[in-house]
Each structure stands twice: as structure tokens, then as C-alpha cells.
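Participant: If you scroll down you'll find the structure; I have some questions about it.
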4 protein chains.
Amino acid sequence: MSSQFILVNLKAYKEGMGPRAHMIARAAEEVSEESGIQIGVAPSFFDLHPLSKHFEIPVFAQHLDGVVPGAFTGHVTAAAVRQTGAVGTLINHSERRLTLAEIEASVRAATEAGLVTVICSNNDMTSAAAAALSPTYVAIEPPELIGSGVSVAKADPGIIQRSVAAVHAVNPKVKVLTGAGIQSGECVKIARDLGTDGVLLASSVVKVEDPAIVLRDLVSLL
Amino acid sequence: MSSQFILVNLKAYKEGMGPRAHMIARAAEEVSEESGIQIGVAPSFFDLHPLSKHFEIPVFAQHLDGVVPGAFTGHVTAAAVRQTGAVGTLINHSERRLTLAEIEASVRAATEAGLVTVICSNNDMTSAAAAALSPTYVAIEPPELIGSGVSVAKADPGIIQRSVAAVHAVNPKVKVLTGAGIQSGECVKIARDLGTDGVLLASSVVKVEDPAIVLRDLVSLL
Amino acid sequence: MSSQFILVNLKAYKEGMGPRAHMIARAAEEVSEESGIQIGVAPSFFDLHPLSKHFEIPVFAQHLDGVVPGAFTGHVTAAAVRQTGAVGTLINHSERRLTLAEIEASVRAATEAGLVTVICSNNDMTSAAAAALSPTYVAIEPPELIGSGVSVAKADPGIIQRSVAAVHAVNPKVKVLTGAGIQSGECVKIARDLGTDGVLLASSVVKVEDPAIVLRDLVSLL
Amino acid sequence: MSSQFILVNLKAYKEGMGPRAHMIARAAEEVSEESGIQIGVAPSFFDLHPLSKHFEIPVFAQHLDGVVPGAFTGHVTAAAVRQTGAVGTLINHSERRLTLAEIEASVRAATEAGLVTVICSNNDMTSAAAAALSPTYVAIEPPELIGSGVSVAKADPGIIQRSVAAVHAVNPKVKVLTGAGIQSGECVKIARDLGTDGVLLASSVVKVEDPAIVLRDLVSLL
């Protein structure tokens with residue numbers, strides 16, 4: 001059985017909120033059971049608790065603030081995320097960039113709360129830096145692939161390979177996700193063959209009418 | 001009956017999460033029913049839905065992002081906040097500062113979603129600027145009073161009066177909250193006498209063992 | 001003689017640094033003398049002193065931090081800008097957004113240092129908010145026109161007119177600049193006819209081989 | 001001869017601007033010549049060119065933006081910093097925090113421009129992450145020592161030692177500066193004995209009447 005991990009970021013897409021979030025989580029659970037491939041979802045803060053309660057798949061926050069409970073307004077603590085039943089969190093997504101000090105504090109707080117951590121990075125150098133913070137995963141989002149519709153299969157695969165090498169040179173225990181340019185089962189297979197431990201993707205699952213069809217395709221070549 | 005509004009910001013205090021958030025909301029509901037004074041709470045994102053469901057008092061978000069649903073990770077949309085049952089939101093709290101463009105977008109998105117808006121400001125000039133964005137309320141948090149333990153009763157009241165005048169010169173429909181230095185019923189009364197329409201406060205309610213006692217004191221002189 | 005003001009933002013364009021900054025300032029000075037129209041330049045921090053020293057035209061900073069001298073690293077104080085000989089500053093440019101509290105502090109610090117202030121805004125609501133801070137100018141940069149190559153002449157002029165009205169409703173002393181979509185003398189004339197007191201522009205002057213030709217065209221219909 | 005490096009951050013202190021910046025640079029040059037210890041200064045942007053021109057000591061920027069020349073307003077490019085005659089730059093100072101992506105871009109741009117790079121960090125984990133970006137130096141500023149008046153000699157030295165070890169585990173070529181808690185020659189000696197290659201300090205040199213006296217003390221035990 002493959003140990004690849006497929007993580008679907010529901011972002012703030014209207015097609016990924018409320019009932020649609022449930023529908024996508026249900027599809028992920030079905031395809032995960034069929035295939036034996038682990039599939040997780042990262043919904044809005046408000047869907048963390050309902051999805052964690054209703055489904056067996058791993059549910060991730062899209063962000064958290066690495067602060068200890070206290071005088072912080074509009075912040076999301078690791079403890080509060082854990083309380084929802086979520087099991088992990090994205091950190092430093094390209095749409096929610098953090099300072100280095102904040103990333104480190106977030107990884108630390110999330111880890112202490114028992115959460116799996118996925119730091120997003122943009123190239124091999126920042127991937128190596130992220131690895132030094134000992135997250136569970138680093139997800140490489142090459143800017144030239146983000147939301148471009150360009151498949152990682154067609155783009156220069158060098159950045160993924162260099163990032164995997166850079167991450168492992170710093171910390172061989174840190175796993176790597178391919179974080180952009182994933183649209184099909186072929187992309188997922190290529191990502192695996194480039195040495196990564198799974199993929200982080202969004203619109204190609206969230207914005208389609210029937211996410212189960214796409215999810216089945218994504219796991220089809222593993 | 002007084003039209004003063006008391007809004008309790010639960011922040012990310014551990015004493016304002018989960019069961020404690022329920023306890024504070026229940027106290028607010030009781031004291032509100034007894035006194036006829038409107039009391040609202042602004043809990044963590046995760047407590048918006050449960051508190052809105054279980055209590056009749058107004059529930060506010062502590063922050064939202066003025067973006068339309070789409071490719072935004074870790075963001076909180078106005079539509080999603082409204083969906084929880086919350087009726088309003090803080091914007092630009094001193095612990096969650098926004099750019100001017102973001103504040104305007106947040107007020108607009110929140111208003112379109114039917115939410116009451118409270119823009120926090122730090123002096124008379126920024127209060128006037130906030131008023132130009134036509135929120136429901138501007139909450140003035142003089143930096144010298146925030147978390148200082150200094151009562152607005154003891155401090156120079158000029159900044160509150162100048163802020164009320166500045167807000168009304170720009171937009172007479174905008175209401176004003178005194179946003180710092182509130183610890184007692186006397187402070188609430190002084191805030192009203194200075195021309196504001198209520199108070200925004202936090203630790204003096206959230207961090208005490210029995211919030212109902214403090215809340216009863218707060219409304220006692222209205 | 002027209003009281004219109006033309007302000008050229010040299011940004012961090014390589015065509016606007018060092019010797020090119022001098023060349024553009026010289027062209028601005030020549031065209032200003034010929035036409036009687038006031039033309040200013042906003043170069044990089046490093047060119048503020050040399051340009052202020054060598055030319056009579058108004059020289060503006062592109063940004064400053066509204067902090068009093070003290071423990072701030074990598075900050076630019078109003079006093080230091082004034083010391084270079086510069087006479088004004090942009091604040092909150094769309095490429096350098098600030099919080100509302102920072103904008104207010106910047107206007108205050110710049111004004112105390114004797115500098116002309118230009119707050120950039122993105123629509124009529126934020127223009128009104130900016131006006132409440134009593135800057136010398138508000139420069140409206142409609143996002144749909146920024147760097148679009150679309151002339152304000154061709155675009156919907158409503159946003160400019162609404163912004164002028166909104167600014168003057170809050171503070172009639174504040175002047176307004178049209179801050180995007182300016183490419184030609186016709187655009188400058190239209191901006192004036194829409195009620196603004198001048199224009200803020202960049203690439204159409206900075207990135208051409210002979211800025212004097214463009215500057216002569218810009219003032220030709222005033 | 002010691003290869004220790006003493007870098008004085010003039011911040012935005014009024015005692016570190018203009019004539020005072022010259023006076024401090026002159027003192028640094030004198031003490032450097034007397035002692036053979038390299039002493040550099042990091043003045044305001046406006047003093048980079050004059051100090052680089054008048055003195056032989058290394059002059060550093062306090063910050064730069066890792067952008068290529070282009071449409072950026074209020075930004076400081078590496079090329080422009082190099083053009084002033086400066087030889088290095090601080091990056092990510094605790095008073096000017098950057099995202100991980102910005103830090104990496106800044107190191108890259110500065111290195112390409114031939115500048116020495118000093119990334120500031122706050123603990124052993126972020127120091128290791130910074131080292132993965134291959135700067136010349138990492139300067140550790142333990143938050144508990146910044147501006148505290150507490151000497152690194154008196155505080156727990158563990159954080160410095162762990163940071164040196166963490167940096168070298170990731171990249172043995174990266175040098176380390178002790179970035180807070182330095183007030184005397186004894187502190188400088190302790191910093192060296194803890195394995196760092198020099199110190200980054202500010203107020204204890206900048207805010208005194210005669211910086212030469214302090215600088216002589218700082219190098220006295222090397």
C-alpha cells in the first residue's frame with residue numbers, strides 16, 4: 001500500500017464551504033477507503049469541527065497563529081484547532097505568508113498540541129529553511145506553477161527534486177509534498193517519482209462538480 | 001431603557017474558550033435580561049456557531065477578511081461568519097491591525113453580509129477616518145489605556161470626547177464605543193457621559209471567576 | 001497659470017535610479033520652467049539628497065515611517081527625509097500599504113517635519129477616510145487602472161468624481177490627485193476636468209527614452 | 001589577530017543620524033585601526049553613501065528588499081544599496097521582520113550584488129533555518145536579552161551555544177554573531193568563548209556621549 005498523502009485545500013472557495021465541504025470530505029473518505037491512499041482535507045475554520053466529527057479522514061486547519069492563549073484578538077491557537085478534532089495544519093501558505101519567527105512559533109505550538117504540520121515554501125532554499133524547523137511535511141509551491149494550470153509533469157521537475165534533496169540534507173525525517181501543478185493521476189505519480197511523499201492541491205478537486213471523479217483519477221496510478 | 005451596548009471581547013484567553021465562553025455568554029444573557037442593557041460577546045472563531053445557537057445575545061467575530069470567496073487560504077469571509085449565526089464583527093482591533101484598504105473591504109463585505117461592524121481605532125484622527133467608512137460603530141482604544149489597568153475615569157477623558165466629535169463631524173450616524181480602560185459600572189457611566197454609545201472590554205470580564213458579578217456592576221449605573 | 005501638480009514616481013525602476021533619476025529631474029525642471037506647471041519627482045531614498053541639492057523642483061520620498069527617532073531598524077523617519085532636502089512624501093502607495101494607525105502616524109510625523117503629504121487610496125471610501133487625516137493630497141489609484149495601460153479617459157470616470165466629492169465632503173482643504181491611468185496630455189486635462197488638482201504617474205515618464213517629450217505632452221493641454 | 005567582527009546598528013536613534021553617525025564611524029575607524037579588530041556600522045539609508053565615502057570601515061544597510069528593480073514604491077534594492085558603497089546588510093532584524101520568502105529573496109539579491117548578509121534570528125530553531133539560506137552571518141537576538149540591559153554574561157548562555165551548534169549543523173560555513181546583551185568587553189569575550197564570530201549591538205555604543213570609550217572597552221579583551 002502506498003504511503004502517499006493527498007491533501008485537499010478547500011481555501012475560501014464557495015465550492016468548498018458548508019454542504020460542499022461535507023460533500024468533498026465524503027468523496028475523500030470514499031476514495032480513501034477504496035484505494036487505501038490517505039486523503040485529507042483543509043477546510044475553513046468553521047468547518048473543522050463538523051468535518052472532524054463526521055468523517056474519519058484527516059482534517060487540517062489552513063493556518064494557525066503560534067501564540068499561547070492570551071490577549072490576542074482574531075487569532076487561532078493550536079489548542080483551539082486541536083479542540084475541533086483537526087489533526088494537522090498548513091503553515092505559511094503562499095496566500096498567508098508569515099515571518100520566520102511566526103513560522104517557527106506555529107510549528108512549535110502545533111507540535112506541542114499534537115498536530116501534524118505542513119510548512120509551505122516556494123523554492124529549494126526556503127524548503128531547506130523550513131526543514132530546519134522540523135515540521136512533519138514541507139510542501140513546495142513553485143510560484144510558476146501555483147494556479148497556473150501548468151502540470152508539474154510538463155514543467156521543469158528540477159525544482160521539486162532540488163527541494164527534496166535540500167530538505168533531506170537538513171533533516172531526513174521531514175517529508176515533502178508537491179504543492180502546485182497537480183491536476184491528474186499522472187501528476188500525482190510524477191510527484192511521487194520525483195521523491196515527494198504526496199501532494200497538496202486545491203481547485204482541481206474543489207471547483208469541479210463531482211470531486212470523487214477527480215479524486216479517483218488522482219489515486220489511480222499509485 | 002438605555003441604548004448603551006456592552007461588547008465583551010473574549011480574545012484568545014484560555015478563560016474565554018469552549019465551556020468558559022458558554023459560561024460568559026450565559027452570564028451576559030442573564031444580566032442583559034435583568035437589566036435591559038444589550039450585552040454581546042466576541043468569542044474565538046470556533047465558538048461563534050455554538051454561542052450563536054445557544055444564546056439570544058449578539059455574537060460578534062473578532063476579525064474577518066474583506067475578501068470575496070475564492071483562492072484565499074486561512075481567511076475568514078463575511079459570508080462564513082454570517083453563516084455561523086454571528087451578527088457582527090470587530091475590524092482592525094489593536095491586536096489585529098489591517099491596512100486602510102483592508103478595513104474598507106472588510107466593512108463593505110461585512111455590511112453586505114448583514115453584519116454589524118465595529119472598527120477599532122487609536123485616536124481622534126483615525127476614529128474620524130474610520131467613520132468615513134460608515135461602520136456601525138467606531139471603538140476608540142487609546143493606547144495609553146489598553147490593558148493598563150488605568151480606568152478611563154482616571155485618565156484624561158479628552159481623547160474620548162475629541163474622538164466622538166471627530167466621528168460625528170464626518171458621519172453623525174456612526175456610533176462610538178469606549179474601547180479601553182473599562183473596569184466598573186462607574187467607567188461605563190463615564191463612557192456614556194463622554195458621549196459614547198457603549199463600551200468594548202475584555203479581561204475585566206473574561207479573566208474573573210464569576211463574570212456575572214462584573215457584568216452586573218458594569219450595567220449598574222446606566 | 002495652472003495650479004495643477006504633476007508628480008512622477010520613479011519607483012524602483014532601473015530607468016529611474018542614479019544618472020537616470022538626474023536626467024528625469026532635469027527634464028522635469030526644464031518642462032516646469034517652460035510651462036509654469038509644477039512638476040515633482042519621487043525617487044529612491046538614495047536619490048532624495050542629490051536631486052534635492054541639484055534641482056529646484058519638489059522632491060518627494062516614496063514612503064516614510066511615522067515613528068519618532070528611536071529603536072527602529074530599517075525605518076525612515078520624517079526628520080531624516082526632511083534633512084535630505086525633500087519637501088514631501090507619498091504615504092500608503094498601493095505597493096507599500098500601511099495600517100490605518102501607521103498612515104495617521106506618518107501624516108502627523110511628516111506634517112510636523114514640514115513635509116507635503118500625499119496619501120494614496122484605492123476608491124472613494126478610502127479616499128474619504130484618508131481625507132479625515134488632513135493630508136495635503138489624496139491620490140486615488142483605482143485598482144482597475146494601475147499599470148493597466150488603460151487611460152483614465154477611456155475608463156469609467158465615476159470613481160474619480162465620487163472620490164473628489166467624498167474627499168471634499170470630509171475635508172474641503174484636501175487636494176486630490178488622479179493616481180493611475182495617466183499617459184498623455186489628454187489624460188491630464190481629463191483628470192483636471194474631473195476635479196482633481198493634478199496627477200501621480202510613473203512608468204509612462206520613467207520608462208521612456210526621452211522623458212522630456214512625455215512631460216511636454218503631459219502639460220500641453222493645461 | 002582576532003577575526004571577531006563588531007557591528008554597530010545605529011537604528012533610527014537621533015544620536016546615530018547625520019553628524020553623530022559620522023562621529024561614531026570615525027570612532028569605529030580609530031578603534032579598529034588601533035586594535036586590528038574589524039568594526040562596522042549600520043546607519044540609516046541616508047547615511048550609507050556619506051559614511052561609505054568618508055570611512056574605510058565596513059558600512060551595512062539595516063534592511064533591504066529582495067526585489068529586482070521594477071514597479072516597487074518605497075523599496076530598497078540590493079543594487080541601490082551596493083551603489084552607495086555599502087558592503088553588507090542586515091536582514092530580518094527583530095524591528096523589521098520579514099516573511100521566510102522575503103528573507104530568502106533578500107539574501108539572494110544581496111549576495112548577487114556582492115553584499116555581506118546578516119540574517120537576524122530569535123532562537124536556535126530560526127537560526128538553523130536562517131543558516132539554510134547560506135547568509136554570511138546569522139545574528140542571534142534572544143528576545144529575553146533585546147534591549148533588556150541584561151548582559152549575555154549574566155543570562156543563560158545556552159541559547160547562544162545551541163544556536164551556534166544548530167547553525168553549523170545545517171551549514172558550517174555560516175558565521176554567527178551574538179545579537180543582544182552586549183555592553184562591555186567582557187560580554188564580547190564571552191560571546192567569542194560561546195563560539196560566535198562577533199557581536200551586533202546598538203544603544204550601548206550609539207547612545208553614549210563618547211562612543212570611542214565604549215568601543216575601546218568592547219575590543220579590550222579580544
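Using the three backbone atoms N, Cα and C, a Cβ is placed for every residue, glycine included.
Nobody curates TrEMBL annotations by hand; they come from automatic prediction.
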Participant: Based on TrEMBL, name the residue from D:Gly36, D:Gly181, D:Gly185 that is recorded for the same substrate site as D:Asn9, D:Leu10, D:Lys11, D:Ile146, D:Ala202, D:Ser203.
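Facilitator: Record check against TrEMBL: substrate site with D:Asn9, D:Leu10, D:Lys11, D:Ile146, D:Ala202, D:Ser203, extra candidate from D:Gly36, D:Gly181, D:Gly185 is D:Gly181.
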Participant: Name the secondary structure element type, per DSSP in three states, that contains D:Lys11 (substrate binding site).
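Facilitator: Coil, per DSSP.
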Participant: Using all protein chains in view, find how many other C-beta atoms are within 10 Å of the C-beta of D:Ile146 (substrate binding site).
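Facilitator: There are 16 of them.
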Participant: Among D:Asn9, D:Leu10, D:Lys11, D:Ile146, D:Gly181, D:Ala202, D:Ser203, the annotated substrate contacts, find the widest CA pair distance and round it to a whole Å.
Facilitator: 16
Participant: Please give me the binding-site residues out of D:Ile146, D:Gly181, D:Ala202, D:Ser203 that lie within 10 Å of D:His93 (active site, electrophile), comparing Cα atoms only.
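Facilitator: None, since no candidate lies within 10 Å.
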Participant: Among the recorded positions (D:Leu10, D:Glu141, D:Ile146, D:Gly181), which are close to chain C, meaning C-beta separation under 8 angstroms?
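Facilitator: From D:Leu10, D:Glu141, D:Ile146, D:Gly181, flagged as close to C: nothing.
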Participant: Take the C-alpha atoms of D:Leu10 (substrate binding site) and D:Glu141 (active site, proton acceptor) and report the distance between them in angstrom, rounded.
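Facilitator: It is 16 Å, counting Cα to Cα.
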Participant: I'm trying to understand the geometry here, so how far is the Cα atom of D:Glu141 (active site, proton acceptor) from the Cα atom of D:Ala202 (substrate binding site), in Å to the nearest whole number?
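Facilitator: D:Ala202 (substrate binding site) has its Cα 12 Å from the Cα of D:Glu141 (active site, proton acceptor).
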Participant: Sequence gap of 6 or more, C-beta under 8 Å: which same-chain residues meet both conditions with respect to D:Lys11 (substrate binding site)?
Facilitator: D:Gln62, D:Glu95, D:Ala202, D:Ser203, D:Val206
Participant: Fewest neighbouring Cβ atoms within 10 Å: which of the binding-site residues D:Asn9, D:Ser203?
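Facilitator: The binding-site residues D:Asn9, D:Ser203 were compared, and D:Ser203 has the fewest Cβ atoms within 10 Å.
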